[in-house]
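Scroll down for the structure; my scribbles are underneath it.
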Amino acid sequence: MAFTAARPLIPPQDLKSFQEHLARSKRVLALLGAGLSASSGLPTFRGAGGLWRTHDAMQLATPEAFNRDPGLVWQFYSYRRHMALNAKPNPAHYALAELAKKNPEFITISQNVDGLSPRAGHPANQLKLLHGSLFDVKCSEFFCNYLETNNYTDPIVPALALPTDESDPTTNEAIKVRELDISDENVDLPEVSLRDLPRCPQCQRGLLRPGVVWFGEWLPRDVQRDIDRWTAQPENIDLIMVIGTSAKVYPAAGYVDSARNKGARVAVVNTDKNDAPQGGMYTNDWFFEGDAAVIVPELLKSEIGEIKPEDMRDGERTSV
Ligand code: BV8
């Protein structure tokens, strides 16, 4: 999918004042949400009314849903793994990675579990994956600490393979398999039985579950500690960029106010003018309305130059 960067309508005076502030900024934060990956073809949580098939996506992202129907929850996550593996980081992912390479005091807090920022080469020590990753799996047994990172096997077990439609007349080859989009409620979901779900190789008892943070679960302590240590340093925070997030989920959304309390100016990038952080917008803040994949590279160009297609080398796609 070619990313033709249409010349965005960023008001020149806003672009100028933002880039002047960025040039002066030493300690910078970014808070990322699903909107950052929207132009990579990945649905946001709010997109499609927050539904996956007929289910509230936020309800599926809970330990209760997994205990009730682990097959359905695994179909939801296997689908998202498949989509993310077949998506590509966009220029905004690369631009943020470039700024991180240039400024070691630029810390990025991501709510995204899609793996696109790591694949864009974002330095891992400056990228805080607050809600985990689709490509980590762990045992669901309370007393088992089994964790496997960077599992890109797709599907993770044969029973989670996407149903296909071999009768698609539009194909010219003899048998061209077309994967069916199971996020569409009109597509039948294959039966998945408990014994076909991924099992923990360590305790041999528990089911494996996606290595993401579900609602009602604590955030990864080490990640939260790292962020809190960095924000608690005596120096001011000069800027926080709030990119493609509705900033409604906590504790993640709370970092906007913590940065503000440390002197930060706020720059929001969002397609929806109404999706400003709950604390509201102050006079010397910026709201850049539009597609993050187009606006973010433009905003950061003064610091990192142009993001050219040849710069967009996609990293971690080991097993596809
Ligand atoms: C916890 C991983 C302690 C899984 C996720 C304080 C107040 C109120 C509630 C709470 C509170 N503290 C805690 C809570 C409860 C809860 C919470 O916040 N609930 C919300 C719904 C009110 N928080 C928790 O449960 C957290 N844990 O608090 O533990 C505890 C422990 C025990 C008991 C009690 C408490 C855990 C939260 C983490 C949950 N896991 N993800 C998975 O992904 O499946 S959250 C998940 O949803 C995402 O990670 C993200 O955080 C959130 C979705 O938000 P966004 O990413 O912003 O996406 P969204 O679709 O909403 O918006 C997209 C935006 O992009 C829009 O603004 C749109 O306009 C814009 N956009 C679209 N296209 C583009 C674009 N912008 C630019 N360009 C585009 N092209």
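Cβ coordinates come from backbone N, Cα and C, glycine included.
Remember, TrEMBL labels are computer predictions, not curated facts.
What TrEMBL says about this one:
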{"type": "ACT_SITE", "residues": "His131", "note": "active site, proton acceptor"}
{"type": "BINDING", "residues": "Cys139, Cys144, Cys200, Cys203", "note": "Zn(2+) binding site"}
{"type": "DOMAIN", "residues": "8-307", "note": "domain 'Deacetylase sirtuin-type'"}
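The 6 Å Cβ screen around ligand 1 retains nothing from the binding-site residues Cys139, Cys144, Cys200, Cys203. Other residues of the chain with a Cβ within 8 Å of the Cβ centroid of Cys139, Cys144, Cys200, Cys203, the Zn(2+) site, are Ser140, Glu141, Asn145, Tyr146, Gln202, Gln204, Arg205, Gly206, Leu208. The candidate set comprises the binding-site residues Cys139, Cys200, Cys203. Of these, Cys139 has the most other Cβ atoms within 10 Å. Within the set of binding-site residues Cys139, Cys144, Cys203, the entry lying nearest in space to His131 (active site, proton acceptor) is Cys139 (CA atoms). Each of the recorded positions His131, Cys144 was scored by how many other Cβ atoms lie within 10 Å of its Cβ, and the smallest score goes to Cys144.
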